[in-house]
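Okay, structure first, notes after.
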Amino acid sequence: MVGIESAMMHALTAKPICPSCLFAVATRVFFQSRRQPWTAGCLFSGRAKVSPSRMVLSDRVARAPRQDEESHDYGKPRRKSEGPFGGMNRTFAPVREGAPRQPSHYPRRNDRDQKDKGKTDRRRVKAMKMQSSLTSIPYGERTRTKKSIADTESFSQFHLLPTLKSAISDEVLKGLKDIKPTPIQRLAIPQLLEQKTSRRKEYLLAAETGSGKTLAYLLPAINALKAAEAVDPDISAWRKGYEKQTAAMREPGYEGPQEFDPHPTMARPKVIVLVPTAELVDQVGAVAKSLSHAVKFRACMFSANVSAKVIQSSMYSPRGIDLIVSTPHLLASMADSDPNILSRVSHLIIDEADSLFDRSFSSVTTAVLDRALPSIQQLILCSATIPKRLDNFLLKEFQNMDRITTPNLHAIPRRVQLGVIDVSKDPYRNNKDLACADAIWSIGKDAARFADSRSGEIEIRRIMVFVNEREKTQEVAEYLVSKGIDAVALHRDTEEQRQSEMLESFTSAKPMTAELPEGSSQSVVGRSRRSLPNTKVIVATDLASRGIDTVAVRHVILYDVPHTTIDFIHRLGRAGRMGRRGRGIVLVGKNDRRDIVAEVRESMYMGQALI
Ligand SMILES: Nc1ncnc2c1ncn2[C@@H]1O[C@H](COP(=O)(O)OP(=O)(O)OP(=O)(O)O)[C@@H](O)[C@H]1O
């Protein structure tokens, strides 16, 4: 009835009615109630445009209606009403066969939460999906993985050498209480240790930024190195000779050779770790060195930060070499002049694999890989993100690769919050430099409020600013310096010493303090003085800082909206590392993709993976 009434109202209001004719209304109502197309006008005033075919009587009246004709909704069969006693005296149960009915994807009526969720899900798909750059991992798989590692609580549960186990707490993670393996360590360490066959196997380790991937690949590789050394006949023969000669040299009147035979591993390393930058060589090399003190193996670092003389003498040291952490360029050029240096590599680890297999690095990375491939037992690729292009490359080149991924891969931890500054509004009027400086001043001033003026010291906040273009790093850093902020650009041309000093202060977990010259924290960070002593700032592109363990960083400013979700993950990943809290601030200008920022923010809030 409602349909008819409204159709009448429509008929009465939408078109002028011929006063002589109520029949037109009745006819219109009739046709509309039958869901027939209706053409406007009055039959009797000559304004009607009814198709002549409608006046032709059906020649099918005697036939039974087709199923789809039974319903007013074409194509949808009408449900047969069975009346109040329809359920009685049945001889079968009306139960659907097969899988239970899935819950509807659509929001239920009167359920506000469901409705909102539906809306946000649809919106999420809109902007991020358009530029989806990351491989998706089903949530079912993530849940299964989570369950599988729930029982691993300690490093003692892994079949690692006792010296390695104790080196974790005594050397690498010294000072930390209640040490537990992280999800990627729980997943990867047993799987890498359990490889029985000496035939080459390939692995991909993918886990969130700052989640301990370095130890996840180093511990099993060093374990394998020491296990192989224990059964190596060349090494045991050399050791016997060494012991014999040292004993002889202690005898009075010894006149034999003063030098030892070269170690069998001279210029023949077993474990190679490739990383994209010299800073990462130092960082990963430091972890390897600290393990080597306890476990006794020779680890060396090769990068632009190390002199050619030192590199040469380390590689060709008669005492041998076991593990090298290097940039691919350096190792590839060394292998060009002496291909044998890669002839006995058993473990090749390619850290930051998404960078090392992208256009700028892939030729040198594959040059090292190709030379080492014949002897490799484990090839381990490691990354915090699996971009689609890396995924495609891996599917093509390494079809049997084991992928070890953590339950939270591609999600930015909830403990990292993301704030947005609309730079198009007052007082910035699209001046991003000003907005950036202002944000840093606010962080500094906020920290100063908690300074204890009696101690005469104020804690220094370490802040990272990310830009999209390398050329912009210097420009922004200079502007910040002009606003009294201690800022440095992280790029090739920055003075090396200044760069490493700054980076060191960002990678040390120890709190840093500055002196309070006038006793009052408020006056020190007053704008009138034009200097902000309690902040240190690095301006970088994420490539320059990829993988750097900036444990001291709590604030990250995204000066430019990142081009992809991959960049969001790596940039925000410099804060909130290993369970710490962090804060991101994104500066959004008038030409920036606000929808993407909103969606990233929403995903972060909901703890979902970015796409
Ligand atoms: N089990 C653990 N418990 C506590 N801290 C750990 C543990 N494993 C590693 N760490 C610490 O966590 C920090 C981050 O580790 P690491 O640099 O290996 O992270 P990552 O996953 O490689 O990060 P990125 O993807 O950014 O390179 C380091 O300071 C490291 O000492």
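Numbers run from 1 along the shown chain.
Just so it is clear, glycine is given a Cβ too, placed from its N, Cα and C backbone atoms.
Remember, TrEMBL labels are computer predictions, not curated facts.
It is 153-186, from the ranges 153-186, 391-424, 561-594, that TrEMBL records as motif 'Q motif'. Checked against TrEMBL, the range among 192-212, 507-527 recorded as region 'Disordered' is 507-527.
Within the same chain, residues 146, 193-194, 205, 207, 211-213, 215-216, 219-220, 222-223, 226-227, 287, 290-291, 293-296, 404, 406-408, 578 sit at least 6 positions outside the motif 'Q motif' (153-186) and bring their C-beta atoms closer than 8 Å to a C-beta of that stretch. Across the motif 'Q motif' (153-186), DSSP classifies residues as 18 helix, 0 strand, 16 coil.
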